[in-house]
Amino acid sequence: MNRSLMSLLGREGLGEKITDATPLPDTAETIHISSLALLKMLQHARAGVPLEVMGLMLGELIDEYTIRVIDVFAMPQSGTSVSVEAIDPVFQTKMLDMLKQTGRDEIVIGWYHSHPGFGCWLSSVDVNTQQSFEQLQSRAVAVVVDPLQSVRGKVVIDAFRTIKTSPTAEPRQITSNLGHLQDPSIQALIHGLNRNYYSIAINYRKNELEQKMLLNLHKKKWTEGLIVDKFDTHEQSNEKQINNLLELTKQYQKSIQDEDKIEPEKKEVSAVGKLDPKRHLISDVHTLMANNVVRVLTVMLDTVTF
């Protein structure tokens with residue numbers, strides 16, 4: 001309801017007459033993005049910072065209300081402002097032919113590009129690019145991802161489609177999508193959200209293989225324990241830790257001497273907000289001994305094995 005009212009207000013601001021037959025944006029669809037596609041989009045977007053990058057999305061149209069994005073691939077275009085260059089048709093054709101040889105028979109259902117640091121919305125050039133996609137596929141989608149605002153556990157991403165100025169087909173009935181769409185930002189509203197284009201709900205699906213892939217993404221291997229640092233690096237690390245232990249020892253000795261000068265009723269609050277040298281000294285000694293014991297055993301094992 002809020003998005004409908006905002007759309008009507010936006011059209012009224014443009015001087016359009018509001019009637020009962022005025023078509024509203026169709027936001028009933030849901031885009032299901034696979035984990036592989038999401039990871040590849042984020043990796044490509046972060047590699048291109050501070051420039052914008054773009055790519056194409058491969059997937060399938062499940063039904064009238066569901067679009068599934070299975071995979072993506074990067075395009076050689078990049079941009080320096082809030083827009084990217086046009087699509088390279090030669091590169092796109094060659095890439096699709098090579099993907100078909102690997103078993104990727106999905107069609108191009110849209111494109112994605114990055115907005116590093118300034119949110120998810122479409123510029124005027126992006127709207128024109130999206131309209132060119134919709135001429136080939138009426139249900140094409142434009143996905144925008146912000147790699148700088150994205151943090152672990154929360155990805156700043158949104159999907160858009162342009163609003164037809166003079167639709168010929170009757171708009172279909174849709175259900176409420178309240179709670180599924182992201183709240184629009186002020187910057188997106190200024191740049192034409194709900195006026196030139198509208199947002200589409202995004203969902204993330206994970207099958208059994210994708211769950212295993214995500215679990216093994218940063219999984220450590222047992223062979224990492226056999227890796228030995230350089231002797232010069234290890235010597236410098238030991239020297240730094242020993243100097244730190246010497247400094248903590250002096251602080252601990254000074255704290256013991258100061259305890260005799262402090263009144264008994266003030267001893268409980270005298271150490272509040274200060275570094276506890278005794279606790280840090282014990283922790284650093286255990287860490288230093290454990291690291292050196294593990295290193296000696298690793299060097300002995302490597303010498304005998306190799």
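Backbone N, Cα and C define each Cβ position, glycine as well.
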Ask   = For the Zn(2+) site that Swiss-Prot assigns to HIS113, HIS115, which of ASP105, ASP126 is also named?
value = ASP126
Query = Just counting, how many other CB atoms are there within 10 A of the CB of HIS113 (Zn(2+) binding site)?
reply = 27
Residues of the domain 'MPN' (31-166) by DSSP state, where helix covers H, G and I = 39 helix, 51 strand, 46 coil
